[in-house]
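Reading through the C-alpha cells given below for one structure.
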C-alpha cells in the first residue's frame, strides 16, 4: 500500500486533502509537473498544482483526472483508491472552515447506511418495519409524505438492522447491472413515474423477484401513491398493507434533537430544545409533513454558526429558524455569486427539478458533466445539492418549497418546463419504438417545442426528424400544387400568371400569420394544461384564447378538458395558513381564519366571483371558526388562548361582542350547539369548555370537560344538541352527554391507532366521522351514543387527516389532509368502501373543508395561504368501488357504470350539469365488465366475471327489477345488443361467441355458439341493420359474421392487421366503415362496402399505450378512442382515408377503458380505472360560455403577454 489508510480517513478539510496528497506525491518521488505529465491530460499542470497547494479541490466533473493523479502517485489498489475518493467526497460535502469534532446533524443531505449510529428517534418504527419485512417475503410499500423520513428509515434504519444479511440498495435511476439479490431496497421509487423511460420493466422485474421469494421494499412518496396503484403488482402490495411512515411523536423528536448532540459532545443551550419542539410540532404534539428535513438543516446550520461547540437560541435565530434556515442558506450562496453565475444557478436548479402537468414537482438526477462546476460546488458546500462521482441532485425535495426564489423560477416558466419534459418523454418513446415516424411532432406542437427546446442530443434528434418529416410533407404538397398549375391552359398563361402572383403573395402573408398563430395556440394550450391545477381560472382563459387564436387539436383539447376535473376558484388575501372556512346558513357568506391573525369575510353569493367584505383583526393566529345557526354570530379560536365573538348582523361591519378567556394554551376549534345557546371550545390544555353565549356580550363559562390525555383537537355537537364528540392527540374520540351543559357526563369513547384530529356528525345524527394521523377516515354508528359501533375505516389518504365535513344530504364526506389533497367519499354503503375522488390544487396541508348549504360547493383552506371553492356536483361521477370497466349511456338520460367489486351503478344524466345517483345493481358476484341498454332505455343487459349475463327492467331506474339470466361455461368479457334488442351476443374466454334470443327477456334462449377465435373475445359490435356482427379477439384478429339468420351464421372475412390483441370494434352509423382498436397502440378504419373483403382506410396513431375503446358520433363524422395512456382522443374522420390530428381529452388519472356518445352526440361519457366516469361537453362554444361565467379573476395584460407574446391584448371573456 502506498499510503496510510488511517491518515486518509482523517481527511476532513481542503487543507487536510492537500497535505495528504502532497505526502503521497513525495513518497512517490515525483514533482507536481511530473505528476501532471503522467496523467496524459493536456493543461493539467495548473489544476493539479492547485490541488497539491490547497488552493482548490477536484471539482465534481474531475473524477477521472483525480484517478489519474492517484495512480501516478502509486495508488494501484482498488480499496485504497476508493478511500481517497471517499475522502474527496467528504471534503466536498463541507469544504472550507469546519467546526472541530464529528457532525451531529446531516442537514438536507439525509442519512445514509453508514450514518446509522447518528440515526435517532425512529427505533420503534425501525423495529416494526424490520419485523414486517423479515416475517413475510414479497413486495412491500413504504409510503410517506416528502420529508417524512422514508429514505433515512430505509437507509440508516432498516438496512443496518438487517445485520449480516446482504441487501441491494438503489434508486430507479441508479439501478446497478446484474441480478437482484434476496433482499432489495429501492428508495425514491416515485422516479419510475417521472422519468421518460418506462417503469413497467423495473416493476415487472421487482414483482417477479418478489414472487420468487425475494423481499423487495419500495420507498414511495405519498403523492405518487395513485400512480403506483395503476400497476397490478403495486396495487396488490398496497392491499396487503403498505407501511406508512407518519410523523414523529414529541418524545421521538426530542430524541432526534438531543441524542446526536450528546454523542458528539455538543452542548444544547437552555430552552433551545423546547423552542424547537414548539416550532416543529405546534399542534396536537405532531409535526407537519415535510418539516423533518427543515429541522435537520436548521440544526446543522446552527451547529456551524456556533462553531461546533454549543447550539444556542441566538445562533438558531441567526440562521433563520425552522422556516428560514434552508432559504437563508440557499439565498446566501446565491447572492454571493456574480451576475452571470446567478443565471447559471437558476439554470442549474431548474434543470434539477422534474416538472410535470399532472404530478407534484420532484428532484431529478443530472449528469455531472452538464453542470456549471463553479456554481455547483458552492451549493454542495451547504448541503443543498448532493454530488457523487457522475451525477448530482437536490439534497431534499423540501428545498423545492422552502426556498421562495426557486419556487418563483419554477412558476415563471412552468408551462415551458412542462413542454420540455413532454419533449424529452416523446423523444424517448420515439427511440424505444425504433424511431417510428408516426410518433414525431408536427404542426403547432412542433412549433412550440422548437421554440422551447433544450440542447439535449436526444431531444434535438427527435426535433430534427420532426422538422424533416414536416418539410417533406410540405414539399410533397407543393409538388402536387405545381403539377396542378401545369395543367392550366397555355392560352391564358400571361393573365393567369399575373393573377396567381397576386394571390400567392396574399396567401403567403396569410400562411405566415396562420403558422405563427398555430404555433402560439399550441404553445398556450400546453401551458393551460400545465396551469390547471394551480390556477384554474387563468388556465381556462388561456385555453379559450388559444382556441380563438387557432383551433388546433391541442387548443380544442385544452378547451374541452376544462371541466374534466372539478373546477375550483382560488381565494387569496391571507398571508398565513388558512385554518378554517365556514359558510353562513344561507350560503352567501364565507368566513376564513388564518395564522396571520385575521378573520376574512367574503360575499360568495356569486360562487365563483368571491368579493371581500371585511377583515377582522385578532391578537394572534386563528385556528378555528364557527357560525351560529342564524348566521348572526361568529366565534373564532385563537392561538393566544382566547375565543372571540363577532356580531355579523352587518357583514360589512362586524362588531366585536366578547373575548372568552379560560384556556391555558391555544384554542384549536370552536362549535355552536344547534340552538346557538352554547359554544364549545377545544384547547391544547386537554380540556373542552362550554360557554353560555345566549347573550354574547355577557358570555360565561358553564363547565370544563376533562379526561383527555393530550390536547383536544376538535369538539362537535350532534344535531340534537344533547351529545358532544371530542377528539384528541391521546388517540381517543369521546362522546359526552351535554343535555345539562353545567354537568357534562362522558358516555363512551372509541379509538384510532394514532392521534385524532377532526370529527363531524352526519345531518341526521346517526353517523360520526373522525379522521387522524393513522390516515384513515372512520365512520361510527352513534344512534346510541353510549354504545358507538364501528362501521368502516376508509383508507386513501397517505398522511394525516386534519379536517372532516358531511354534505347536507349526508351521502358524502369531505376530508382535508397533510398529503395536500381534499378527498370526497361516497358513504351510501359505509361497509362497502367506494374509492374517493381526489381534489388537487392546494400546494400544502389542507386544514379546512366545509360544504355550502346546497351541497354544490365545497370550501377548503390550506397552509398555502389560500382558500378554494370547488364545484362538487358536476361532470365527474365518483363513488364507485373500483376501476370502471365501462360507462354506457342510454335513452332518457340514463347511464350505467360497470365497475369492479360486483357493482353496477345507474345515474340520472337528464341534467348533465347535475348528475345524480339512481340505484346500484348488486346481484352479480364478481366484477361487472360491460352493459347495453335497449334503444328505448327500458331494459338493460349486464355481463360479469361471475359467468353470467343478466337482464334488467329499468323503466323505473330507482327500482331496477331483474328479468332473466344466462350462464356461460367460461368468463364472458363483452357483449353486443342487436339494434332491435331481440338478440344479444356474448364474447367469452377461449374465443367463443354465444348468441341468445331475448324475445322473452325472462327466459333467454341460446341460439348459436360461434367458435370464432383462438383466444378470448374482447369486443363485439352489430352493424346498424343488425345483419353483420364483428368480433375482436386477443388472437389479434377481427372476424365478420353474417347473422341475417342467427341460427345459420356465415363467416364473412377475417382482418389480421393488428400487431397485438384487438380490444374493441365499432361500426359507423352508416354501416360502411368499421373501426378496430388494439394493444398495438393503434386504431384502424376499414371500408366495409363489401364485408367479404374489408379494405384498409387509415391507421390512427397518437396514443402512447394500448387503445381499448371506440365510439362513433351519431353523425359518423367523429371517432373517439380510449387509451391506457389516460386520455381519450377525438378524430375527425369526415375523410376516413386522411383523418385530422387527434384532439386529446385530458383529465382522468388512470387508463381510460370506455368511451360512448350520449343520445344526440352532444355529450361524451368516459369510464376509467381511476374509479370515475366523466362527462365531456363536445360543443366548444357551450364550454366557452360556461367557462366565462366562472373564470375569476380575469386574465391581466401582463399574463396575456406572458402566454401570447407579441399579440394585442384580447381577453377571451371580455
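The backbone N, Cα and C atoms fix where each Cβ goes, glycine too.
Marked as domain 'HTH cro/C1-type' by TrEMBL: 21-81. In the predicted structure, the domain 'HTH cro/C1-type' (21-81) carries a mean pLDDT of 80.
Marked as repeat 'WD' by TrEMBL: 571-604 (among others). Below 8 angstroms of C-beta separation, residues 610-627, 629-631, 634, 636-637, 639, 646, 648, 651, 654, 844-845, 847-854, 857, 859-869 of the same chain, each at least six residues beyond the ends of the repeat 'WD' (571-604), sit close to that stretch.
According to TrEMBL, the repeat 'WD' annotation covers 630-648 (among others). Mapped onto DSSP classes, the repeat 'WD' (630-648) shows 0 helix, 12 strand, 7 coil.
If one looks beyond the repeat 'WD' (660-701) by at least 6 residues along the same chain, the residues whose Cβ comes under 8 Å of a Cβ in the stretch are 282-284, 623-630, 633, 635-645, 647, 708-717, 719-721, 724, 726, 728, 738, 741, 744. Taken from TrEMBL, the feature repeat 'WD' applies to 660-701 (among others).
Among the features that TrEMBL reports, repeat 'WD' is placed at 705-746 (among others). Sequence-distant contacts of the repeat 'WD' (705-746) (same chain, at least 6 residues past either end, Cβ-Cβ under 8 Å): 283-286, 665, 668-675, 678, 680-690, 692, 752-761, 763-765, 768, 770, 772, 780, 782, 785-786, 788.
Under the heading repeat 'WD', TrEMBL lists 749-783 (among others). DSSP states for the repeat 'WD' (749-783), grouped as helix (H, G, I), strand (E, B) and coil, give 0 helix, 21 strand, 14 coil.
Residues 143-145, 148, 222-223, 225, 244, 246-247, 286, 288-289, 360, 754-755, 757-764, 767, 769-779, 842-851, 853-855, 858, 860, 862, 870, 872, 878-882, 901, 903, 917, 920, 1170-1171 of the same chain, all 6+ positions outside the repeat 'WD' (794-835), place their C-beta atoms under 8 angstroms from a C-beta of that stretch. As annotated by TrEMBL, repeat 'WD' applies to 794-835 (among others).
The annotation repeat 'WD' is assigned in TrEMBL to 839-873 (among others). Residues 288-289, 401, 533-534, 536, 566-572, 574-583, 585-587, 590, 592, 594, 596, 604, 607-608, 610, 802-809, 812, 814-818, 820-824, 913-915 of the same chain, all 6+ positions outside the repeat 'WD' (839-873), place their C-beta atoms under 8 angstroms from a C-beta of that stretch.
Within the same chain, residues 882, 885-886, 888-892, 894, 896, 898-906, 908, 968-977, 979, 981, 984, 986, 996, 998, 1001-1002, 1004, 1154 sit at least 6 positions outside the repeat 'WD' (921-962) and bring their C-beta atoms closer than 8 Å to a C-beta of that stretch. The repeat 'WD' annotation in TrEMBL covers 921-962 (among others).
The annotation repeat 'WD' is assigned in TrEMBL to 1010-1051 (among others).
According to TrEMBL, the repeat 'WD' annotation covers 1055-1089 (among others). Taking H, G and I as helix, E and B as strand and the rest as coil, DSSP gives the repeat 'WD' (1055-1089) the counts 0 helix, 19 strand, 16 coil.
As annotated by TrEMBL, repeat 'WD' applies to 1100-1133 (among others). Long-range contacts of the repeat 'WD' (1100-1133) within the same chain, counting only residues at least 6 positions beyond its ends with a Cβ under 8 Å from a Cβ of the stretch, are 429, 436, 438-439, 556-557, 560, 1018, 1060, 1063-1070, 1073, 1075-1085, 1139-1146, 1148-1157, 1159-1161, 1164, 1166, 1168, 1176, 1178.
What TrEMBL lists as repeat 'WD' is 1145-1186 (among others).
Sequence-distant contacts of the repeat 'WD' (1145-1186) (same chain, six or more residues past either end, CB-CB distance under 8 Å): 226, 229-230, 358, 529, 544, 547, 551, 556-557, 559-565, 834-835, 837-838, 875-878, 880-889, 891, 895, 897-899, 907, 909, 912, 915, 930, 1105, 1108-1115, 1118, 1120-1130, 1212.
Note on the repeat 'WD' (1010-1051): DSSP counts are 0 helix, 21 strand, 21 coil.
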